[in-house]
Amino acid sequence: MNHRDGSSPAPSVGAALVVLSALLILTATTVGLAFLELPPAVHVGLALTIAAIKAALVAAVFMHLLREAPATRLVALMAAVLLAIFMLMVTVDVRHLGG
Amino acid sequence: MSERAPRPARIAPAMSEAVREPFADPAHQRDAVALGMWAFLGQEVLFFGVLFVFYTHLRVRHPELFAAFAPRLDWRLATAMTVALLLSSFTMALAVRFAFVRMRGKLLSSLLATTALGAAFLAMKGWEYAHHVARGESPIVDLADELGPGPGLSTFFGLYFVLTGFHALHVLGGLVALGWLVIVAWRTTAEDLRGSPVMAVGLYWHFVDIVWLFLFPALYLAGRPA
Amino acid sequence: MRSWLTTTDHKRIALLYLGTMTLFFTLGGLLATVIRVELATAASDLVTAETYNRLFTLHGVIMVFFFLIPSIPTFLGNYLLPLMLGAPDLAFPRLNLASWYVFVAGGLLTLTAMVAGGLDTGWTFYTPYSTTFSDSHVVLAVLGVFLAGLSSVFTGINFIVTIHRLRAPGLTWLRLPLFVWSHYATSLILVLATPVLAMTLLLVAIERGLSIGIFDPEAGGSPLLFQHFFWFYSHPAVYIMILPGMGVVSELIPCFSRNRPFGYEFVAASSLAIAVFGFLVWGHHMFVAGQSYFASVVFSFLSFSVAVPSGVKVFSWLGTMHRGSVWLTTPMIYALGFVALFTIGGGTGLALAMLAVDVHLHDTYFVVAHFHTIMVGGMLMAYLGGLHFWWPKISGRLYSERWGRIAAYTLFIGFLLTFLPQFVLGTQGLPRRTASYPPEYQFLQALSSAGATILAVGYVLPGIYLLASLVRGRPAGDNPWGATGLEWRTSSPPPPHNFNKAPVVTEDPYDYPRAPQPTFIGAGDV
C-alpha cells in the first residue's frame with residue numbers, strides 16, 4: 001500500500017474487534033442487571049458506570065483519543081468535566097429545594 | 001487589497017492534492033482536523049448535556065413517572081438498536097483505517113456497511129415512534145388523560161421524544177455525511193484518497209453512538225423492564 | 001463584490017463582519033435612542049408600555065447577540081490572530097466564511113421577527129412568559145439567536161485550532177501576545193458554553209409548539225431549570241464580551257507606555273482563570289428567583305473569587321504604566337477609559353454578588369448601570385480603542401488624531417453622564433424595564449437622557465473621520481506606533497498571505513525598550 005501505515009489514527013482490525021466484543025458484552029451485562037431486584041440508586045449507579053465505561057472505550061480506541069495530542073485530549077476532558085459540574089450544581093439545587 | 005484568493009506559498013506543489021489551505025503537510029492537517037473536530041464534539045457534549053440535565057431534574061423530582069411509564073418502552077428493540085449502532089461504530093473505525101492506508105475497495109464496503117447499520121437504526125426508531133404515537137403515547141395528548149392534571153404520561157413521553165428525537169436527527173445528519181463520503185470515495189482513485197474527511201465524519205459518528213449508550217439505560221432500562 | 005462574498009481570506013471576512021456588526025450596532029443604538037427619549041419624561045407619552053417592552057427587548061437581543069458577543073473576536077480577532085501568529089490564514093478558512101453566512105442568516109431571522117411585530121420577553125427569554133404567555137414572535141427570534149450562536153461556535157473552534165497548530169516557528173506559548181491569550185480563553189467559552197444556550201432556545205421553541213412542560217411546574221418541569229440553562233451560558237457570555245476587550249487593552253497599554261507588561265505570565269493565566277471561574281458563577285443571577293439557599297451561598301462565594309483574576313489584570317495595566325512613559329494617543333485614551341469604567345463596573349458587580357445587597361438592588365436601574373458600565377463602558381471602549389489602534393494596519397491610512405481625541409473624550413463624558421445617574425436611581429429603588437416612573441425620579445432620568453445624546457455624538461464621530469481617512473488620510477506605513485508584534489512586521493494593509501516571507505520569532509514579546517521608533521507624529525506632539 002501507499003506510504004506509512006502508522007499514519008492511520010484508527011485501530012487495527014484486531015484491536016477494533018476486541019473493543020467491539022467488550023462493548024457487546026457490556027451491553028448484555030447492563031440489560032441483565034436491569035432485571036435484578038436492587039435499590040433504585042444502585043440501579044442508576046450501575047447503569048451509569050457501565051455506560052461511562054462503554055463511552056470511554058469508544059472514545060479511547062474507536063475515536064483514537066489515546067493517540068491524539070495532549071491539547072486534543074484536554075479539550076475532550078474539559079467538556080466532560082464541565083458537563084459534570086453543570087449537572088452536579090443543578091441537581092444539588094433541585095434536591096435542596098425539597099418538595 | 002488584491003483580488004486573488006489566498007493560497008499559502010509554503011505548500012509544496014507535489015502535496016497540493018492531499019493538503020488544503022494553511023497546512024504544511026498531511027500529518028499537520030490531520031492533527032488540526034482532529035483537534036477541531038474534538039472541539040466541535042466538546043460543544044456537542046454540552047448541547048446534549050442540557051437534555052441530560054433536564055432528564056436528571058425530572059428523575060429526581062418525579063421518580064414515579066419513570067416507574068409508571070418506562071416499562072412501556074420496548075427494551076428488546078432498543079437492545080437491537082444498541083447493537084446496530086455498536087456494529088456501525090466498528091465498521092466506521094475500519095473505514096477510517098482503510099482511508100488512511102488508501103485501500104479504496106475496503107473503504108467503500110466499510111462505509112456502505114456503516115450507512116446500512118445507521119439506516120437500520122433509524123428504521124427501528126421510526127417503527128418505534130409510529131408504535132408509540134398509535135397508542136397515544138406522545139407529548140401531544142391532553143394532560144387530563146392519564147393521571148389527571150399534573151405530571152403524567154405526556155411529560156414522560158415528551159422527555160422521551162425530545163431526547164431520542166435530537167439523537168435521531170444527529171444520526172440522520174451522520175447518514176448524509178456518510179453518503180457524501182461514499183460519493184467522494186467512489187469518484188477518487190486510491191492514490192488520491194484523503195483520510196482527514198473520513199476521520200472527521202467518523203469522530204462525529206462515534207460521538208452519536210456514545211450519546212445513545214447513555215440514552216439506552218437512561219430511558220429503556222429505567223423502570224423495571226416488562 | 002462576488003470575490004468578497006466567496007473569499008476565504010480571514011482579513012476580508014473580518015471586514016465583512018465589521019460591516020455587518022456596524023449595521024446591527026446602529027440599529028441597536030437607534031432603539032436605545034427611542035428608549036432614552038421616552039424615559040426623559042415620567043409619563044409613558046412617546047410609546048405605549050407594550051411598545052416599550054419590545055424596544056428594550058430588541059435593543060438587548062441585537063446588542064448582546066449581534067454586536068457585543070461577536071464584535072472583537074469576529075472582527076479584530078479574525079483579522080489579527082493569523083497575523084499575530086505569523087500564519088497565512090486561520091486553520092479552517094472555509095469554516096470561517098461559513099460562520100459569517102450563518103451569522104447573517106441569524107441576523108436576518110431576528111430582523112424578520114422585529115419587522116413582523118417584534119418580541120417582548122426581554123433579551124433573557126424567561127419562561128414561563130416566553131413559552132406560554134407572550135404572543136410575540138419568540139420562535140423566530142430564538143432561532144435567529146440560535147444561528148448566531150452556531151456562528152460563534154465555528155469561530156471559537158477555528159481560533160482554538162489556529163492558536164494550537166499554526167504558530168510561527170519560535171512562537172512559544174509564553175511568547176504569545178496577550179491578545180492571543182485572551183482570545184484563546186474566549187474561544188474555550190464560545191465552544192463550551194454556547195451549545196447550552198442553543199439547546200435551551202430550541203427547547204423554548206419546542207415548548208411553544210408542543211407544550212411538553214419542560215419549564216412548566218404543572219407538568220413536572222421548572223421555570224428555574226430554564227434560568228439554570230440560560231445563565232450557564234449567559235454568565236460566561238459576559239466574559240466572552242469582556243475578555244477580548246481585556247486582550248485589546250493589554251496590547252494598547254504596553255505600546256503607549258513603551259514598557260513591558262507588568263507580570264506577563266499572570267495576565268496570561270488570569271485570562272484562563274476568568275474563563276474557568278466564569279463557568280462556575282451562573283447562579284448569582286438567581287438569588288431572588290427561588291433558588292435554594294445552599295446554592296445561593298456557593299454561587300455568591302464563587303462570584304467573589306472571579307474578581308481576583310480581573311484584579312490581577314487591572315494591577316498589571318497600572319504597573320505597566322507606572323514605570324513607562326505614557327503617550328496619550330487616541331487608542332490610549334480609550335484604553336484608560338476602559339480601565340476606569342471596568343473598575344467601576346467590576347466594583348458594582350461585587351456589590352451585586354453580595355446576597356443581602358442583591359435582594360435590594362435586583363432588577364433595579366443599578367443592575368442596568370452595572371452591566372452597561374462593563375459592556376458599553378468596558379467592552380465598547382476596548383473595541384473602539386482596538387479599532388483606532390489597528391485602523392492604520394487594516395486600511396493603510398492615518399485618521400485625524402485631533403478628531404480621534406475629541407471623540408474619545410466625548411464618549412467618556414457622555415458615558416459617565418448617562419450611567420452614573422442610573423446607579424443612583426437603582427439605589428433609590430427604581431425598577432428597570434418600565435416605560436413610566438414616579439415623577440421624583442425625573443431629574444436623574446433626564447440627566448441620563450442628556451448624557452445619552454453626548455454618547456451618541458461620540459459614536460457618530462469615529463464613523464465620519466475613519467471613513468474620511470480612507471480618502472484623505474496620509475499613508476500609515478508599516479508600523480506607525482512603533483509597536484512590537486508580528487502584525488506590524490508586514491505591510492499595511494497586509495498582502496493576501498499576510499507575510500511575503502514566513503516570519504520566525506526569536507525574541508520575547510513586548511520588548512518595548514528595543515522596539516522600533518514610532519513613525520507617527522500626531523496632532524502636534526510626539
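Cβ atoms are placed via backbone N, Cα and C, with glycine included.
Per TrEMBL, domain 'Cytochrome oxidase subunit I profile' is recorded for C:1-506.
Taking Cβ pairs closer than 8 Å, the transmembrane segment (C:12-35) reaches residues 4, 46-47, 52, 55-56, 58-59, 62-63, 66-67, 70-71, 74-79, 96-97, 100, 103-104, 107, 394, 452, 456, 459, 463 in its own chain, all 6 or more past its ends. Look at TrEMBL and you will find C:12-35 (among others) tagged as transmembrane segment.
Marked as transmembrane segment by TrEMBL: C:55-76 (among others).
Residues or ranges marked as transmembrane segment in TrEMBL: C:97-119 (among others).
Tertiary neighbourhood of the transmembrane segment (C:139-163): same-chain residues 61, 65-66, 69-70, 73-74, 77-78, 81-82, 85, 87, 90-92, 95-96, 98-100, 102-103, 105-114, 116, 119, 125, 176, 180, 183-184, 186-191, 194-195, 197-198, 201-202, 204-205, 208-209, 240, selected by CB-CB distance under 8 Å and a gap of 6+ residues from either end. According to TrEMBL, the transmembrane segment annotation covers C:139-163 (among others).
Taken from TrEMBL, the feature transmembrane segment applies to C:184-206 (among others).
Long-range contacts of the transmembrane segment (C:230-250) within the same chain, counting only residues at least 6 positions beyond its ends with a Cβ under 8 Å from a Cβ of the stretch, are 64, 68-69, 71-73, 76-77, 124-126, 152, 178-183, 185-186, 189-190, 193-194, 196-197, 200, 261, 267, 271, 274-275, 278-279, 281-286, 313, 316-317, 335, 338-339, 342, 371, 374-375, 378-379, 381-383, 385-386, 389. Residues annotated as transmembrane segment in TrEMBL: C:230-250 (among others).
Summarising the annotation, TrEMBL assigns transmembrane segment to C:262-281 (among others).
When Cβ-Cβ distances below 8 Å are used as the criterion, the transmembrane segment (C:293-312) is approached by residues 263, 266-267, 269-271, 273-274, 277-278, 280-284, 286-287, 342, 346, 349-350, 353-355 of the same chain, each at least six residues removed from its ends. Marked as transmembrane segment by TrEMBL: C:293-312 (among others).
According to TrEMBL, the feature transmembrane segment maps to C:333-357 (among others).
Note on the transmembrane segment (C:369-391): residues 63, 68, 71-72, 76, 79-80, 238, 241-242, 244-246, 248-249, 251-252, 255, 330-335, 337-338, 341-342, 344-346, 348-349, 352, 397, 399, 404, 408, 411-412, 415, 418-420, 422-423, 425-426, 462, 466, 469, 481, 487 of its chain, located 6 or more positions outside it, place their CB under 8 angstroms from a CB of the stretch. Summarising the annotation, TrEMBL assigns transmembrane segment to C:369-391 (among others).
Annotation comment: TrEMBL describes C:403-423 (among others) as transmembrane segment.
Positions annotated as transmembrane segment by TrEMBL: C:443-468 (among others).
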Mean pLDDT for the domain 'Cytochrome oxidase subunit I profile' (C:1-506), as a whole number?
93
Cβ-Cβ under 8 Å with the transmembrane segment (C:333-357): same-chain residues at least 6 beyond its ends:
242, 245, 248-249, 252-253, 256, 284, 287, 296-297, 300, 303-304, 307, 310-311, 314, 317-318, 366-367, 369-371, 373-374, 377-378, 381-382, 384-385, 388, 405, 408-409, 411-412, 415, 423
Surrounding residues of the transmembrane segment (C:403-423) on its own chain - C-beta under 8 Å, 6+ positions past either end:
36, 329-330, 333-334, 337, 341, 348, 365-366, 368-370, 372-373, 376-377, 381, 384, 388, 444-445, 447-448, 450-459, 461-462, 464-465, 523
